[in-house]
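Notes follow the structure.
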Amino acid sequence: MFSHCLDNTDGNLFMLKKLTNVTSLSGNGLRDWLIQRVTSVVMLIYIVFLLVFFVVHSSLSYEQWHGLFSHSAMRLFSTLFLLSLLWHAWIGMWTIVTDYIKPFALRLSVQILIIIGLLLCFIWGLAIFWGN
């Protein structure tokens, strides 16, 4: 991130570098790339499963739909999908923000807002999947 700072003798710049690495979640580009691929596969499996379910149950009733999502396994699968979606979104948005927003304070503010938004989506999704 701070390629112009070759030495770590200045504590403030060192702390800023550490803070930037923390917001990257994994701190490793290869790991982020792998996480993107794994979360994509999880989301693909979930979407294909739902598409097959819709094709098999072409005249889907509320009872069938409710029955599908009332199973704990489907709730867990849906929660895994939600986690994958949000993690995938965070890595993508983190990459875009760090590439295009250069002022550190603005970039950190945008990242914090994104994190808050993703956490709210996660809480809302849990309420939908696990609520009565």
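Note that Cβ sites are derived from N, Cα and C of the backbone, with glycine treated the same way.
Features of the protein shown, as given by TrEMBL:
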{"type": "BINDING", "residues": "H88", "note": "heme binding site"}
{"type": "BINDING", "residues": "Y100", "note": "ubiquinone binding site"}
{"type": "TRANSMEM", "residues": "34-56", "note": "transmembrane segment"}
{"type": "TRANSMEM", "residues": "76-96", "note": "transmembrane segment"}
{"type": "TRANSMEM", "residues": "108-130", "note": "transmembrane segment"}
CB within-chain contacts under 8 A for Y100 (ubiquinone binding site), separation at least 6:
none
Tally every other Cβ atom lying within 10 Å of the Cβ atom of H88 (heme binding site).
18
How would DSSP class Y100 (ubiquinone binding site) in three states?
helix
